[in-house]
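Working notes, beginning with the structure itself.
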Amino acid sequence: MEPWVWVTFCAAAFQTVRFMLQKQLSAAALSAAGATFARFVFSAPLVLLLVPVYLWASAQTLPGLNGTFWAYALTGGLAQILATVCVVLLFKRRNFAVGITFKKTEVVQTALVGLIVLGEGVSLGALAAILLGLFGVLMLSDMPEIDGNWRRRVMNPAAGLGLLSGVLFAVSGVTYRGASLELASDDPGLRALVTLAAVATSQMIGLGAWLLWREPGQVGRVLSAHKSAKWIGLTSMAGSLCWFTAFTLQNAAYVNAVGQVELVFSLAVSVLVFGEKLTGKELGGIALVTGSVLALILLV
């Protein structure tokens with residue numbers, strides 16, 4: 001397999017652990033925005049420290065950051081914050097594995113956003129594999145406790161949160177790739193790290209300021225929960241660096257599609273850690289999404 005596939009697998013594994021930790025925090029004393037802030041406040045300083053270390057170790061200089069880079073980076077950072085808040089809210093309505101699957105609607109949107117923003121399309125075979133994953137997502141959005149026709153079953157609040165998070169994550173993935181491609185460097189690792197540093201720092205400052213204004217108590221609670229929140233920061237940094245590297249190396253739609261392997265990890269966490277049970281329909285939906293991931297690995 002190509003390097004970007006392995007990097008994406010690592011990103012999915014780190015992200016599964018981070019979402020698990022965020023779910024535990026949001027179930028305690030933190031709001032959705034507070035649990036989201038935890039990943040930035042403990043990861044941004046680490047990323048900023050890594051940049052000069054990497055530059056020194058690789059004997060390189062910092063590439064120039066032009067206006068287009070900042071436009072892409074800041075747009076992606078805001079979209080990711082809003083998307084993560086949606087995911088944390090989603091955890092309160094649906095179990096862990098299904099919540100992650102709702103989020104994975106981003107794959108379909110990423111293909112469209114990537115075509116519009118960066119002019120990057122996908123092959124017909126890859127599109128078929130992506131649509132296979134979409135069918136799995138639609139199966140999982142059919143909440144059994146809601147009676148009525150299919151419109152009511154599919155168009156429910158949990159599905160709405162999942163779809164919205166998918167759109168926002170699609171925007172963030174494509175704009176992160178756009179930002180990294182603006183950097184004049186042949187080193188994908190450096191481009192990913194510099195882009196991540198710019199994004200994570202802006203997210204920490206922006207969301208921190210918003211919390212101080214709207215939810216001042218949340219900042220103190222995040223800092224008080226540092227024993228568990230610091231692990232969110234570490235897994236966030238590791239996962240984000242892997243995602244940014246993958247976005248630098250490959251079309252964002254393909255990266256997000258292969259990233260659906262996260263479903264396998266989240267299913268294991270859902271059952272083994274949280275003791276949650278999945279229905280046969282949910283397992284069928286996850287099987288379809290997993291099949292689409294395997295098809296993409298073979299096609300791309």
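Here the Cβ of each residue, glycine as well, is placed from N, Cα and C on the backbone.
TrEMBL: automatically predicted annotations, no manual curation.
Straight from TrEMBL, the features:
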type	residues	note
DOMAIN	4-141	domain 'EamA'
DOMAIN	160-296	domain 'EamA'
TRANSMEM	37-57	transmembrane segment
TRANSMEM	69-91	transmembrane segment
TRANSMEM	111-138	transmembrane segment
TRANSMEM	158-178	transmembrane segment
TRANSMEM	190-211	transmembrane segment
TRANSMEM	255-275	transmembrane segment
TRANSMEM	282-299	transmembrane segment
Recorded stretch, among 37-57, 158-178, 190-211, 282-299, maximising Cβ pairs under 8 Å relative to the transmembrane segment (69-91): 158-178
Stretch-averaged pLDDT - the domain 'EamA' (4-141): 83
Stretch in 111-138, 190-211, 255-275, 282-299 most in contact with the transmembrane segment (37-57), if contact is a CB pair under 8 A: 190-211
Candidates 111-138, 158-178, 255-275; stretch with most C-beta pairs under 8 Å toward the transmembrane segment (282-299): 111-138
For the transmembrane segment (255-275), sequence-distant contacts whose Cβ falls under 8 Å of one of its Cβ atoms, 6 or more beyond its ends: 4-5, 8-9, 11-13, 15-17, 19-20, 23, 95-97, 100-101, 104, 106-107, 110, 126, 129-130, 133, 169-170, 173, 243, 246-247, 286, 289-290, 292-293, 296-297, 300
Residue counts (helix, strand, coil, in that order) that DSSP gives for the domain 'EamA' (4-141): 110 helix, 0 strand, 28 coil
